[in-house]
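Dropping the structure in here first, questions after.
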Amino acid sequence: MKTLHVDLGDRSYPIFIGAGLLANPEKFLPYLAAKQVLVVTNTTIDALYGDSFFSLFEGMDKAHKVVLPDGESYKNLEALNQIFDALLEGKHNRKTTLVALGGGVVGDMTGFAAAAYQRGVGFIQVPTTLLSQVDSSVGGKTGVNHPLGKNMIGAFHQPNVVVIDTDVLKTLPDRELSAGMAEVIKYGLIADYEFFCWLESNVKALMARDVDALEYAIERSCQIKADVVAQDETESGIRAILNLGHTFGHAIESDQGYGNWLHGEAVGAGMVMACELSCRMGWIDKPFCERAVALIAAAGLPIAPPESMSPEDFMKYMAVDKKVLDGGLRLVLPNKPGSSIVTDSFDADALAATLGRTGQLG
């Protein structure tokens with residue numbers, strides 16, 4: 001088992017990574033505020049792991065479970081209210097702890113419920129998809145979607161602990177594995193060229209679910225994110241680089257309907273667009289852009305946005321992106337291999353060509 005730490009002063013917490021952790025009560029019980037717990041999961045994960053995991057909390061004064069519908073389309077206020085209903089009906093107080101057993105949707109909604117319930121209670125992240133293990137479970141971003149924008153309603157609320165059981169990836173659908181790889185590749189593009197090169201050499205092993213390769217990819221991804229979050233917890237500065245591909249990607253998700261494109265699929269296409277824009281402006285050379293696109297494709301991800309989306313469609317959603325500052329669009333773009341920046345200094349014609357899929361790269 002590997003242990004990492006997110007260093008945030010009195011809000012610091014560990015990340016445990018290893019096999020068989022779902023069955024280890026010592027990774028959960030010490031992080032409860034009292035003997036009361038609400039486990040939040042979804043229909044898919046509940047059928048696989050719900051009963052055995054819930055048995056860890058036998059003997060609690062209060063132990064309840066709420067099972068949400070599975071899918072991004074249910075990451076909304078209506079589903080969030082199901083969590084609040086369970087808390088109130090079970091008479092949970094400020095000493096309760098919520099436990100998110102599921103992917104990013106479950107984790108984001110559970111964390112937001114924990115941030116809001118009685119103005120803040122503790123929660124534990126138990127991510128069950130590759131994407132949530134390497135990204136959404138770490139860093140304290142929580143929230144729900146709105147028909148007009150993704151993750152526009154939420155809060156920063158750090159978990160008590162993140163428990164990553166690599167065994168759960170054995171039951172992860174192939175499409176979800178590819179979606180998670182988008183966020184793994186992102187870390188190589190924004191912060192670690194050596195890791196990017198390692199991914200190029202090991203992408204086949206990762207897609208074949210090689211245990212050692214997956215554990216290293218998860219560990220390195222979490223370490224990069226933990227380091228960034230420690231510098232900028234509330235995304236007022238450097239943390240925004242974690243959104244590489246997300247401005248384009250969120251536009252795709254919003255336009256296509258939440259869940260029709262998985263988040264990682266949209267981010268994959270969005271990273272291709274970000275690389276192409278940087279290449280058009282001469283920030284990265286064409287060979288590196290082609291390597292990035294090839295790696296994204298090798299992970300089974302789309303490398304182009306939906307043909308139905310026009311530049312106007314993109315701009316409609318990008319105009320309400322959370323990185324917009326004083327009415328100006330800001331993008332996260334690669335500026336050299338293994339490095340990205342947040343900038344509003346991009347060429348408008350190059351952006352138009354990227355959105356319209358016109359013209360040649362560098």
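Numbering starts at 1 and runs along the chain as it is shown here.
For all residues, glycine too, the Cβ spot is worked out from N, Cα and C.
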Given Swiss-Prot annotates GLU183, HIS263 as Zn(2+)-binding, which of HIS157, HIS246 belongs to that site as well?
HIS246
Looking only at ASP70, GLU72, VAL106, which of these binding-site residues has the biggest number of Cβ atoms within 10 Å around its Cβ?
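By the 10 Å Cβ neighbour count, VAL106 comes out on top.
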What residues, ordered by sequence, lie under 8 A Cβ-to-Cβ from THR129 (NAD(+) binding site) and sit at least six positions away in the same chain?
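In sequence order, the residues whose Cβ lies under 8 Å from that of THR129 (NAD(+) binding site) (at least 6 apart) are GLY102, GLY103, GLY104, LEU172, GLU176, ALA179, GLY180.
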With the Zn(2+) site defined by GLU183, HIS246, HIS263, which remaining residues of that chain have Cβ atoms positioned within 8 Å of the Cβ centroid?
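Other same-chain residues with Cβ inside the cutoff are LEU131, ASP135, ALA182, LYS186, GLY245, GLY249, GLY264, ALA266, VAL267, GLY270.
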Report the member of LYS150, HIS246, HIS263 (the binding-site residues) whose C-beta atom has the most other C-beta atoms within 10 angstroms.
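Ranked by Cβ atoms within 10 Å, first place goes to HIS263.
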Among all protein chains shown, how many Cβ atoms are found within 10 Å of the Cβ of ASP108 (NAD(+) binding site), not counting that one?
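So the Cβ neighbour count for ASP108 (NAD(+) binding site) comes to 25.
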At the Cα level, what's the spacing in Å between GLU72 (NAD(+) binding site) and HIS263 (Zn(2+) binding site), rounded?
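The Cα atom of GLU72 (NAD(+) binding site) is 8 Å away from the Cα atom of HIS263 (Zn(2+) binding site).
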